[in-house]
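Structure first, commentary second.
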Amino acid sequence: MASPTQGQVITCKAAVAYEPNKPLVIEDVQVAPPQAGEVRVKILFTALCHTDHYTWSGKDPEGLFPCILGHEAAGIVESVGEGVTDVQPGDHVIPCYQAECKECKFCKSGKTNLCGKVRSATGVGVMMNDMKSRFSVNGKPIYHFMGTSTFSQYTVVHDVSVAKINPQAPLDKVCLLGCGVPTGLGAVWNTAKVESGSVVAVFGLGTVGLAVAEGAKAAGASRVIGIDIDNKKFDVAKNFGVTEFVNPKEHDKPIQQVLVDLTDGGVDYSFECIGNVSIMRAALECSDKGWGTSVIVGVAASGQEISTRPFQLVTGRVWKGTAFGGFKSRTQVPWLVDKYMKKEIKVDEYITHNMNLADINDAFHLLHEGGCLRCVLAMQI
């Protein structure tokens, strides 16, 4: 059924980031109709992620202002552009910052979940068709963010960047399956491929780290060691599968040596979920020689570099990275939603706060202060 607003410009509320580190401004934003290969989505719920905060802080070299941030959300298709066949108005969807065109060399390789089709546009805050934005305020364009821009009541995304999901799934919960939870689960299941009986170390017990722990427990890990400098996180972490807790501040030795001593030579798998290059090195060096695998999940600040002694790799350790946990977005996000509906993965447990779009600056403050895992915003003002 056609939407009454199909083909028209929609004026709606959005949280606009005009400058780094300045409060977001709730504005009346004009959202243009979708062009060929595009989908306009009514966003109902969006969560805040540290990646949004990172770009807002001004530390992201690809950060463009003014922009509409947000990339972890769920909504309903309002209208589609010419040639779009995989979704239609009324479909429940999750926008996906990691596209999946199924046609480019990356998608066809079977070796990665990366996709090359629209990256040249999403990386510079525009849409592929005309390299322009679909957002404006009083005639002035506002940049897109990560190809999603979910801090707006309506957004326009590429059709290769939207996953159709079970309409019975609660959108205020499954919006989390757009980023953090799949990133952690997939780092374990797809990137590291943790086996039953493994010893696992998780550095950083935020949402992504807890999802790593959950994934490790589901994979049958015998020990899941959580590493964080906040002791209060351990009680929460136990609910996600962490069996032991280590606070680096409570030890004189380097944390990698502490873990080597605790595990008879090192862990089988380690995951860095912070974005700190010195911790990335520690995560590698706490893994066992011969087969230890360390996965970089956290995103370091621009310009930072990782280092270790080559001997660490010569003796059999493997250093890997992961984006969106290796999940193919359009194919596997619906599968993750179905797993949630069958109670096979946690989602609700990551949500510590619920607020409205009007409260977005307070929500950012909560995230920055470490006072929440995930805050879900309803899009009303």
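In case you wondered, yes, glycine gets a Cβ from its N, Cα and C as well.
Just so it is clear, the model here is predicted, and its values are computed rather than measured.
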Swiss-Prot has Cys101, Cys104, Cys107 binding Zn(2+) 2. Which one of Cys67, Cys115 is in the same site?
Cys115
Judged by the number of other CB atoms within 10 angstroms, which among Gly206, Gly209 is the least packed of the binding-site residues?
Gly206
Using a Cβ cut-off under 8 Å and a sequence separation of 6 or more, which residues in the same chain sit near Phe324 (NAD(+) binding site)?
Tyr97, Gln98, Asn113, Cys179, Pro182, Thr183, Gly186
Where Glu72 (Zn(2+) 1 binding site) sits in the secondary structure, as DSSP reduces it to three classes:
strand
Looking at the binding-site residues listed here (Cys49, Glu72, Cys101, Cys107, Cys115), whose Cα lies nearest to that of Gly209 (NAD(+) binding site)?
Cys49
C-alpha spacing of His71 (Zn(2+) 1 binding site) relative to Cys104 (Zn(2+) 2 binding site), in angstrom:
23
Quick check on the binding-site residues: of Cys49, Cys107, Cys115, Val299, whose CB has the lowest count of neighbouring CB atoms inside 10 Å?
Val299
